[in-house]
Amino acid sequence: MASREKTSIEGHMFDVVVIGGGISGLSAAKLLAEHEVDVLVLEARDRVGGRTYTVRNEHVDYVDVGGAYVGPTQNRILRLSKELGLETYKVNVNERLVQYVKGKTYPFRGAFPPVWNPIAYLDYNNLWRTMDNMGKEIPADAPWEAPHAEEWDKMTMKDLIDKICWTKTARRFASLFVNINVTSEPHEVSALWFLWYVKQCGGTTRIFSVTNGGQERKFVGGSGQVSERIMERLGDRVKLKRPVTYVDQSDDNIIIETLNHELYECKYVISAIPPTLTAKIHFRPELPSERNQLIQRLPMGAIIKCMMYYKEAFWKKKDYCGCMIIEDEEAPISITLDDTKPDGSLPAIMGFILARKADRLAKLHKEIRKRKICELYAKVLGSQEALQPVHYEEKNWCEEQYSGGCYTAYFPPGIMTHYGRVIRQPFGRIYFAGTETATHWSGYMEGAVEAGERTAREVLNALGRVAEKDLKTQEPESKDVPAMEITHTFWERNLPSVTGLLKLIGFTTSVTALWIVAYKFRLLRRS
């Protein structure tokens, strides 16, 4: 240890070193700097932003190949971005959305595709209602304390879907719902974790919707600007190309070593990287057993984000907005949104290759993926113009060694109740941020800001700069992006499930049969 201390950078002692220059780490550093804390950010990549990444070139002007969407109730990221001088614009859903299933295209309006089969409708309605009701039982800040936590954590979402749904159509869409929201498969994720994830995003409608939902808006100029503008404010307190390999808190001060053997000394550390990536760091003393087990059990989701550019927005000729929900195992893309610039320039469709499909299609050449996507769009939109793109951008997040995947880490069965409670617990003088540790919109930019600012306040409290009563803060609603209450009709609240309908039919049939028997018996007695 003595030799490490002697070679520390310029002998400078920082109050706090933040590991990770994504939105979570930088929002933590920003808040610390505002309290005149001597803070340094170490980022492994040659850029800031983490799982947000705005690419700029002559073909696209700018494009978000990572996290991009914000919406109502995401008040922290909206407040932070406004402070940084950023503006949002609404994702276009003025025209009709389309659902593609069994080789046919069905235009619709609203958050979810309509269901015309009455039995399937009951099944769909019961699915969303049941998931939301189960979510109400789960504390956002302590899902492992839910009344049925142990039972639900032993189940996969596939188990739960099979238990709730009677029809193939409902099971198929429920599986797609999991793919789209957490970029993983229903058989991979804990039912408890997924129900918690949906709940802390505001429920099934809020998380899936564009209008009044998680995908309502994007940032003019790209989401990467959030991190870039914080970096501009912090100046030389952000260092790029510094992967951290060693953290030693065995002495009075913490010593941090990077891959290129630079040493930094500080009083506190904030880790703002995905939980699984902390396994790349050597800790002294070693991590507690529960945290060590946790970080080995949280895989990242799998996604390839694809943007197809066209000469014109040809889909609008058919009164389509560009949003497609695609239920087809052979289709590369599962969901799309219009990615045209807010001024109408550079028409584009953004599509997600998700979960099992991301793994399968990653093995193909980029040009083959591009061709398959164009052929799919031509089929779904019924237009040969889809075969004539002018440019294509994509980002395979599975190959990013300093992310490991996107959007977020997921909990397999059994992990949340056994190890989940340590995800936000400090280890000595090391505090843990990152969107995975958030309790509201975890997995989104909003969760990243919440987690970063929480850990900053925890460190400020340890430094004696913030009182313990101020550790938890209530974020006021954004005045620029107000949330509308999500309501449900009388029928949505009260229609029976398929099981309930069958029981009702069985009961009424039994009552009718008994009445007939009793009536005939009375006639016999009279005769």
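Yeah, the Cβs are placed from backbone N, Cα and C, and that goes for glycine too.
Note that the structure is a prediction, hence the values are computed from the model and not measured.
The N-acetylmethionine annotation in Swiss-Prot covers Met1, and the record cites similarity to another entry as its basis.
What Swiss-Prot lists as phosphoserine is Ser383, and the listing cites similarity to another entry. Of all the Cβ atoms in the protein chains shown, 16 others lie within 10 Å of the Cβ of Ser383 (phosphoserine).
Positions annotated as S-8alpha-FAD cysteine by Swiss-Prot: Cys406. Following the DSSP three-state reduction, the secondary structure of Cys406 (S-8alpha-FAD cysteine) is coil. Counting only same-chain residues at least 6 apart in sequence, those with a Cβ under 8 Å from the Cβ of Cys406 (S-8alpha-FAD cysteine) are Arg51, Gly66, Gly67, Thr183, Met300, Gly301, Ile303, Lys305, Trp397, Glu400.
Long-range C-beta contacts of Ile335 (site 'Important for substrate specificity'), restricted to its own chain and to partners at least six residues apart, with a cutoff below 8 Å, comprise Leu176, Ile180, Cys323, Met324, Ile325, Ile326, Gly351, Phe352, Leu354. When secondary structure is read from DSSP and collapsed to three states, Ile335 (site 'Important for substrate specificity') falls in the strand class. Marked as site 'Important for substrate specificity' by Swiss-Prot: Ile335.
Classification of Cys374 (site 'Important for catalytic activity') by DSSP places it within a helix. The annotation site 'Important for catalytic activity' is assigned in Swiss-Prot to Cys374.
Positions annotated as topological domain 'Mitochondrial intermembrane' by Swiss-Prot: 519-527.
Swiss-Prot lists 498-518 with the feature transmembrane segment.
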Task: Local Cβ density at Cys374 (site 'Important for catalytic activity') - other Cβ atoms counted within 10 Å - done: 19
Task: DSSP three-state assignment (helix, strand or coil) for Ser383 (phosphoserine) - done: coil
Open item on the list: In whole Å, how far does the CA atom of Cys374 (site 'Important for catalytic activity') lie from that of Ser383 (phosphoserine)?
Closed with: 10
